[in-house]
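Peer 1: The annotation domain 'Alpha/beta hydrolase fold-3' is assigned in TrEMBL to 97-285. If you look up TrEMBL, you'll see 101-105 marked as motif 'HGGXW'. Residues annotated as active site, nucleophile in TrEMBL: Ser170. What TrEMBL records for Asp253, His285 is active site.
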Amino acid sequence: MNSVVNRPAGPGALAAAMSSWTDMNEHELRKQYSPSEWTHRMSREDVVKAHEASLTAGTERARRVAQTLLDVPYGEGEDEKLDVYMPNSCSPDLPLVVYFHGGYWQFLSKDQSGFMAVPLVQKGVVVVAVDYSIAPKGNMDLIVSQVRQSVVSIIQQYSHVSGLYICGHSAGAHLAAMVLSTDWPRYSITPQIKGAFLVSGIYDLLPILSTYVNEPMKMTEEVALRNSPSQLVGQLKWSSGDCDIVVAVAQHDSPQFRKQSEDYFKALKSLGLKVSFEDIPDTDHFNVIEKFVDADYHLTKVTALISQLFTQMLLTPLLHNNTLLIMFVYFCPSFF
């Protein structure tokens, strides 16, 4: 069991190995926040192209194997639409996973975001892929408000689901964390988000203000602060205190990306929240999420093992040693 998840450098080791971003020059910051600089699989240009191609192909496959509702509006804006992927045999009380795509808030769309449905719909899980107004059309305040509104709309339209879960990768993990930190009374609704899986996210926006990432975003320090999940952990505890959160990072993410995940995990843990840290072996910033469509990926393989353990009533103690298993319990309760 312990071999399923390797921890090349767990919490504590990451911070010791990485200096503060404030001590870095512009060149160093640019490299730290350029995920393609850290992949060991192919060139910078090729890994980005391969990433988009992989997610697109996975989404096209999902649209073939699942029942779909495409371009469902969640607001009045042109980009405020979502895609719903449903199991072929659907009961009215299925679990639902909302996925927010990455791309540094300026690339990708829901057309590259349905890939997670390939393994999940087969286990009786509904997957919703959310679009938002990427930069330069959308700014950070708008994007955050859009993803929050998408969750409100999903709750209103699918109030019968047995459980709501959210997942995001990279910039999408940032957006998922912002959803967890929402002041819900302002929306006259309080969604019960049972679980969140944050993959290779960025939770402090200040380090990217002087990098190429901010050129189309045009964030000021004030905007970055109010949209940094690291500044909102108190609000998260108040809004989503009962949510089980997995903060995951790729083994070959950059040191600063890895430190961002560690720091956010530690901040949540210090408030007594239910949070786990996972270091995913043999992955980089891109294939850590791409592999979710692959039947041979360890996240997919553990489903059969979970089923056997659950029937023997042995699952609970083992979850404390392997919290990646928690994600599948959350995302796939109907599997059991």
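FYI, residue positions are counted from 1 along the chain as it appears here.
From the backbone N, Cα and C atoms, a Cβ is placed for every residue, glycine too.
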Peer 1: Have a look around the residue listed as 'active site, nucleophile' and count the other CB atoms within 10 A of its CB, chains all included.
Peer 2: 26
Peer 1: Once the chains shown are all counted, how many other Cβ atoms turn up within 10 Å of the Cβ of His285 (active site)?
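Peer 2: The answer is 25.
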Peer 1: Near the Cβ of Asp253 (active site), how many other Cβ atoms are there if near means within 10 Å?
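Peer 2: So the number of other Cβ atoms within 10 Å of Asp253 (active site) is 27.
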Peer 1: How many Å lie between the Cα of Asp253 (active site) and the Cα of His285 (active site)?
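Peer 2: Given the Cα positions, Asp253 (active site) is 5 Å from His285 (active site).
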